Amino acid sequence: MKRNSLSSFYVSLWLLFTAVILQAVESAKGKYAHMLFNELFENYSNALRPVEDTDKVLNVTLQITLSQIKDMDERNQILSAYLWIRQSWYDAYLKWDKDKYDGLDSIRIPSDLVWRPDIVLYNKADDDFSEPVNTNVVLRYDGKITWDAPAITKSSCVVDVSYFPFDSQQCNLTFGSWTYNGNQVDIINSLDSGDLSDFIEDVEWEIHGMPAVKNVITYGCCSEPYPDVTFTLILKRKSSFYIFNLLLPCILISFLAPLGFYLPADSGEKVSLGVTVLLALTVFQLMVAEIMPPSENVPLIGKYYIATMTMITASTALTIIIMNLHHCGSEAKPVPQWARVVILDYMSKIFFVYDVGENCTSPKREKEEECKLEGGNGCQRRHKEVKSHLSNRNDNPDLKEKLNGNLNRSYGVHGANVRETVNCCSCYKMLIKNIEYIANCVRDHKANRAKGIEWKKVAKVMDRFFMWVFFIMVFFMSVLIIGKA
């Protein structure tokens, strides 16, 4: 127990001694730092380029670290980013012998006390031309100055939305000196690309690289070369949000539009469904137009909306035409022979369209079953027998002879009842005429009704035909858009 207490006492004593020594060293370095600062900046001017020979080029090393993408404004084509800009150069007038200052090799001073290169963002799109942040610079004993400054930049970016929402963008950040040419200040890339190690992941964009390229350009105003460094930010849009909020609802609405052909014509909702779907797609089209730049490049989803709206407009127009066919009625002309063969005989079987009022599961009418049981022409033969019986009663000679014989006998035997017999025969004749008139009216009514039923069946077949045509069009259009993206 005594040994443990002694050892802990020695350790605490050693720690106390070390802390006192370090405090003394720090205070000594602080004194040397003040002395160094006063001597360095006694006759120093930050207005001139810090080189001993004015013909010598001052090299500035530039490094960009991307921290965050704040916003990508596609409509105004502006990229807002949070950057860390590191610049380093050598100042020929800010050197010292660190042995004279107790090994002090670096100090940190305000950046406005030293000369700084006027490197700016060439493609800046911000209205605020404020000065850079006056952070401290690190000054080393050999004259090397390192300046780290954060900056929120707004740069112009040419946005190509042809494949929105599956698009990729390339935004350039061009940095260069505003007044010094290449013979005075030269810019050197610190790395071959921007630093993305501290990048905060964005919810809308993926970063696929930030390569850096040095350019030397001679402008028309001056004969001297002007170097700059261009960082190309390669962005890939995360399309999940737009798929579930813009593309998928449009696809579902598009598949709903052809079902208007399946609605019964007597429901009165065929045209209303087409107009409602068209208005819904118009709302989505306006939403896309609000976020896209007003350029000639129509986005992919916009093309899909326009194609779908055109298709729905065509389907609504065809629905109106088919409804006119459905409501032709008995006053219309008979169905042409080619339409009877092509539509009623062949297309109705292909699209499983039966007579109006029937479907594939309902039983046949009893009269048709009786006709099939009696034979192909059983019903027609029975109809002809009734018709001939009614129509030929007036022309039957046997009936006339019987009536005349009865009249003669009645006249010979019962002369008083002749007038009653003649009146009875005339009643029979009137009754036959009335029956023939009723039969002709019923026959004409059935013919007109059959004509209207044929037109309704033609309309129903055309409805089914266009329904499948538009379903196939919507399917292939959706596959084509997704495959192209």
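Counting begins at 1 with the first residue displayed.
Cβ coordinates are placed from backbone N, Cα and C, and glycine is handled just like the others.
Residues annotated as signal peptide in TrEMBL: 1-27.
The domain 'Neurotransmitter-gated ion-channel ligand-binding' annotation in TrEMBL covers 35-238.
Feature annotation from TrEMBL assigns transmembrane segment to 241-264 (among others).
Annotated domain 'Neurotransmitter-gated ion-channel transmembrane' per TrEMBL: 246-481, in sequence order.
Under the heading transmembrane segment, TrEMBL lists 271-292 (among others).
Annotation source TrEMBL lists transmembrane segment at 304-325 (among others).
The transmembrane segment annotation in TrEMBL covers 465-483 (among others). Long-range contacts of the transmembrane segment (465-483) within its own chain (CB-CB distance under 8 A, at least 6 residues past either end) are made by residues 251, 254-255, 257-259, 261-262, 300-301, 303-304, 307-308, 311, 315, 318, 322, 347, 351.
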The domain 'Neurotransmitter-gated ion-channel ligand-binding' (35-238) [mean pLDDT, rounded to integer]: 89
Non-local residues, at least 6 beyond the ends, that sit with Cβ under 8 Å of the transmembrane segment (241-264): 164-165, 204, 270-271, 273-274, 277, 280-281, 284, 287-288, 301, 304-305, 308, 311-312, 315-316, 318-319, 322, 463-464, 466-468, 470-471, 474, 477-478
